[in-house]
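Below is one structure, written out as structure tokens; the observations come after it.
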Amino acid sequence: MQELHDAPLAPLTTLRIGGPAARLVTATTDDEVVAVVRAADAAGEPLLVLGGGSNLVIGDAGFPGTVLRVATRGFELDGTRLTVAAGEVWTQVVDRAVLDHGLAGIEFLAGIPGSAGATPVQNVGAYGQEVADTITEVVVHDRRSGETLTVPAADCGFAYRHSRFKAEPDRYVVLRVVFELQDADGASTPVRYAEAARTLGVAQGERAELRAAREAVLKLRAGKGMVLDPEDHDSWSAGSFFTNPILTDAEHAAFLQRVAERLGADVEPPAYPAGEGLVKTSAAWLIDKAGFTKGYGSGPARLSGKHTLALTNRGDATAADLLALAREVRDGVASAFGVTLVNEPVMVGVEL
Ligand code: EPU
């Protein structure tokens with residue numbers, strides 16, 4: 001187990017923002033992870049569990065306690081049942097499942113930065129798949145009881161970018177994730193996302209070729225700056241900075257009224273069904289139409305030049321710079337459309 005003091009955290013995040021950790025510990029086995037967590041909890045010390053650092057905004061003051069870097073490894077396949085250790089790099093998990101084993105179920109989640117253990121926490125999703133579709137159970141350390149638990153998918157509380165683990169952020173540490181994948185003879189799962197179907201040249205609801213699906217997603221993501229590339233500042237982000245707002249039918253009607261007044265009666269904002277009486281609209285669209293277009297900003301923190309939903313670090317941005325931009329965008333969208341955007345990444349020592 002490696003231990004450092006006053007260790008910079010910015011290089012461990014995809015935004016490359018944030019002050020130092022008082023103590024940074026890297027654990028490579030589940031037992032080490034549990035031991036570090038138990039010791040911090042027994043001492044009443046603050047603890048931050050870090051995976052790939054791709055969904056985190058760490059404040060400029062850093063973290064005053066122990067930061068635990070989960071670097072466990074494990075990829076075990078039993079037929080179509082895949083068990084991965086929390087510290088595995090997610091893109092490599094997808095690549096191995098698709099390219100080495102021809103298994104479908106997570107191919108549309110290719111290119112998503114971060115660790116495998118982080119995926120159930122916010123029910124990572126993209127291009128019509130989310131991990132809730134394939135996860136059968138999550139093995140966690142429960143800091144309240146001090147026990148290791150196997151939580152079946154039905155008890156994970158999965159919803160859009162949400163789970164039981166996100167609802168109680170200081171309670172669970174993910175150790176392993178179990179997926180049930182599909183052997184569909186080289187085919188993908190049915191393509192749900194319109195943009196992906198178009199790129200693959202299949203109708204929505206049809207299957208595509210498995211490897212082609214992975215490649216199409218990587219291409220789409222790269223075009224939006226959503227694949228990590230150290231040379232490309234558009235990818236120095238935490239992915240989508242805001243969740244897509246889910247409105248009740250009444251809120252949606254009021255929103256459409258605002259859109260008509262502001263942009264004209266013929267303008268139709270994106271709308272996707274989100275359950276009984278609920279409509280999901282697009283945060284990227286709201287930001288764009290409120291006047292924050294791609295590349296918006298003049299300081300070291302700006303909107304991505306490829307997607308309005310990503311806030312990016314152009315080189316030496318601080319958390320303060322990034323949050324100033326985030327507040328400007330949130331407040332501008334609220335005053336233009338009456339919809340308040342909510343941050344998607346986890347905030348450490350800062351608030352929006
Ligand atoms: N749009 C704009 N301007 C832009 C980009 C998009 O107006 O600069 C509008 C367009 O109307 C477009 C709509 O926004 O049709 C939706 O855009 P996109 O298809 O890129 O999807 P998104 O809703 O912005 C979500 C996820 C992404 C995921 C993509 C693809 C959330 C918060 N974000 O983005 O996930 O990759 O769909 O499935 O749900 C993440 O969570 O970090 C993330 C990157």
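Placement of Cβ uses the backbone N, Cα and C atoms for every residue, glycine included.
According to TrEMBL, the active site annotation covers ARG161 (among others). DSSP assigns ARG161 (active site) to coil in the three-state reduction, outside any helix or strand.
The Cβ of SER240 (active site, proton donor) lies under 8 Å from the Cβ of ALA283, ALA284, LEU309, ALA310, GLU344, each of these being in the same chain and 6 or more residues away along the sequence. According to DSSP, SER240 (active site, proton donor) is assigned to coil rather than to any helix or strand. What TrEMBL lists as active site, proton donor is SER240.
What TrEMBL records for GLU344 (among others) is active site. Around the Cβ of GLU344 (active site), 17 further Cβ atoms fall within 10 Å across all displayed protein chains.
According to TrEMBL, the feature domain 'FAD-binding PCMH-type' maps to 17-184.
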Conformational class of GLU344 (active site) under the three-state DSSP mapping: coil
Long-range Cβ environment of ARG161 (active site), under 8 Å and at least 6 residues apart: GLN122, ASN123, GLY125, THR243, GLU344
